[in-house]
Structures are given as structure tokens and as C-alpha cells.
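Trainee: Please read through the structure below; I'll follow up with questions.
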Amino acid sequence: FRQADTMKSLRLLLAALAVVTAVLADHHAHDDVDKLVEGINRITYQIFEFEHKLDARLDPARIRRAGSLEARVEALEEPSCAEHQHQCGGDDPQCISSLFVCDGRVDCRNGEDEKHCSLPTNPGDTFVGDVVFDHCTKRRPQHITLQVESVSTAKFFPAFPKVHVHLEISSDNDFEHAEASLPGDGYYSFADDELVIYPPEEDGLAFHGDFDGHNFDRFVGDIIHTASDEACARFIFHRK
Amino acid sequence: MWYVLLLIGLAAAASDPYKERRTQYLLTSQRLHVEQLERDLHALEDAFGKLSPDVDPKKVRQIKARVSNLEGPHCPEHQGQCGGDVPQCINDLLFCDGHEDCRNGRDENPEVCSLAPTHVGSSYTGVATWTSCEESEPHNAVVTITASERKSFFPARVWVRAVLAFEDDEHSHHVRTFPLRGYYNFGRRALVLGPELGTKPLYGVRCYFNLGDDDHADCKIVAPASLSICAHFSANRY
């Protein structure tokens, strides 16, 4: 009986020891795993931070803003290409005919003429213009809304998509409130980043929308006497 | 007796000496992986750090201001530009008068109506290059605001007193000073100074704060009557 008792207590002790060892070993490993997870979390955080820094330099909005400033300086400089020619730009200046820009064939040595060929005025786009000065329009509006109705691109001549727009004008004078919606046809020129609308009325006033080539949410819209090519009213348009 | 054997076996399995070392081995190798990744990342960050740093936004503002100066004034005389995206001109008497006159309200913008250029004690200094009036080599010129007053019924101008001082000669360190009085025009961002009452009308100063901030100005020393330019200096505030 005594021996059996001793054996029993020994067995119990052994079992307890086994459990303790197992628990101890597990506990040990657990700590190490926690440390490992902590290390992985730290490096993940650092990677995200680094990525954030990289993204800040590559921010497209920033590149666009810098491009707009560059375009302003270019506008101040002498035009580097003859009329009806397009500057390929970049580090490798080259002039090509405006008809070759976005025609589906690379004509610039650096390929710039086929790189920026997405149309900024798509069907359904609306731009609202605020008046800067106005010496010629009939209604002297404070705002003009330009609505792009449809666009068609000729397969054999994609450089100048045809654009159909509506110019919504609401004007107030002392006597009446008038609204007009003038349908107009024209084209978009990728070479000059320009939207040209032929005179919608009989008064010979055409519309030129001039994008700066970088920011396509804003353009300067001039009302132009077709005979003299002189701007007599200006509106600054913003994409709505 | 079989269960004794079983228990011993269990205990042996539980205290398997290789199990722990296996776990340790796995953990160590994973830790090494993580450390290697960290080293790679630091190498990348070092390479990135060697690239030229970001441009100071102040510098960008100055360049933008210089470009718009070249683009020229859009407004006729006695008018100020409302700024923002849609250009508009209003009379410079309407700037900072407590009533919004620009469509975008910019004529009452705190940045436009900043009083920093008229703070008493502000000094604007630069190397003045004389083109007439004085036969002197380029020397430092300083304009210091000594007093300023803004009438509550006419807040569009700040009336100031100032002192113009410039070195006559490098060796003798002889400095000539001229008391001046004038005003600051918010719309044109111009500090206009003429001779103080009762002093000899020798020099006046016109400074245009058209470089994008309140700390840099394009200053000219002029003859007070004809406004013909005697000297020119790019002024920094300090």
C-alpha cells in the first residue's frame, strides 16, 4: 500500500511536471511570436510611411499645378514654332504640323504628339463661365453655361473631333429676365488644346475655349469677332 | 502498469527537447527575415533622402508672383486686382474698407488686408543701385517704419511715418537719414513715402510688395515731385 501510494504521488508529480514544461515552453514561444508580430507591424508602418512620402512627390495634382505655371511662362515667351505648328516640347524641341497631333501616328521624336489625346470635353460635361469683361455680347450675362451635347470623331481624321454644344445664357436687365440656349457646332484641336465653336447666331461672334494643356477643369473662353479675330469678351470657365 | 508507461510517454512527448528548438529555429529565421526587410527599407529611405528635397512653398509663391508680374497688370491706374481665378478690377479706395466689393470677396481677405508691411519697427533693406541723383557706389539703404495710423472712418489707407537711411561712403560710414511720411495702399500693395513736413524735399520712396509675401518688396528711391527714379533696391524685411 505504501509503495502504491508513493507510486501514485510520483505519477502525479510526473504529470504535473509534464504539464508545467509544456506550458513553460508554450509560454516562451508565445512571447517570441508576440515580439515577431510587433516587429512586422513596425516595419509595415514604416513601409506605409515611406510610400506616403513617395506618393507626395508623385501627386498628379501637384504635377498639374506645376505644368500650369510652366504653360504661363511659355505663353510669355516668344512662340517657338511657326503658325499652325505644334511644339513637341520636352528636352527635345521639335515643330510638327498641328494636323499631325493625335492622328494615331507618332511624328515627334519623343512621341509627345500622341501622348495627351484624351478629350476634355465629353458629352454630358458642363462648364460654367464667369465674366471678366464683355464689350460685345447682346445679353451681357454674368455667367455662361457651356454644355457638351455630342462629340463625333472621324475615323480617318481623329486629330479634330467635332463637338456639338449648347451655350446657356440667362440675363437680367431692368425690364426683363431672359434665357437663351444657343446650339453651336465646332471642333476641339489637340494641337492647341482649344475648343472652337462657330458663331451660333447671325452676329458673327464665335467662341474660343483655351485650355492651358495641363489643367482640364478650367479654361479661358473668349468671344471673338470672326471677321477681325479680336476677342471682345472673356469668361473663365470651370468644370461643374 | 500500462498507464504508468503511458504517462511517462506523454511526459516525454510533452517535454520533447527538439520541439522547443524547432520552434526557436522557426522564430529566429522569421525574425531574420523581418530584420532583412527593415535593412532593405532603410537603404531605400537613404537613397530617397539623397534626392533633392521638396521645394519650399514660399519659393513657389515667389515664382508665381514673378510670373504674374510679367503677365502684366490687368487693371488700369488706381485700380487693384481682386485676384483668384476670375480676374476683376476694383478701385483701390475700396480695398480693406470693411465692405466686400470683389465678387469673390478678396478685397476684404485677411491676407490682402495684412498690416504687416506697416508695422512700426519694420525695416526694409537692400543694396541701392543709384542711376541718378547721387554719385555713389551701391550701398545699403534702409526704410524703417516709425509710426502708423489707420483712421477708423477711412480704413483703406494706413498713414505712416518712416525714415530712409543710406550709407554715403563705405570708408567714412557716413549715413544720411531722411524723415518721410506717406501711406500704404492695400489694393496695389504699395508703400508710398514722401518728405516729412518742413524737410527739404530731396527723396521719396515707393515700395511694391508684389513678390508674393509681406517680407519682400521692390523699392525705388524717387525724386518726390517728378517721381523720377534715383535708385532701385530689392528690399527684405527684418
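Glycine residues also receive a Cβ, built from the backbone N, Cα and C atoms like all the rest.
Please treat TrEMBL annotations as automatic predictions, because they have not gone through curation.
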Trainee: Pick from A:CYS102, A:CYS136: the cysteine that TrEMBL pairs with A:CYS117 in a disulfide bond.
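Mentor: As annotated by TrEMBL, the paired cysteine is A:CYS102.
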Trainee: List the same-chain residues at least 6 positions away in sequence whose Cβ sits under 8 Å from the Cβ of A:CYS117 (disulfide bond), in sequence order, or say none.
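Mentor: In sequence order, A:VAL101, A:CYS102, A:PRO158, A:PHE190 meet the Cβ cut-off.
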Trainee: Across the domain 'Annelid erythrocruorin linker subunit C-terminal' (A:120-240), what does the mean pLDDT come to, as a whole number?
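Mentor: Over the domain 'Annelid erythrocruorin linker subunit C-terminal' (A:120-240), the predicted model scores a mean pLDDT of 90.
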Trainee: Tally of helix, strand and coil residues over the domain 'Annelid erythrocruorin linker subunit C-terminal' (A:120-240) according to DSSP?
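Mentor: Its residues divide into 0 helix, 78 strand, 43 coil.
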Trainee: Once the chains shown are all counted, how many other Cβ atoms turn up within 10 Å of the Cβ of A:CYS102 (disulfide bond)?
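Mentor: 23, counting other Cβ atoms within 10 Å of A:CYS102 (disulfide bond).
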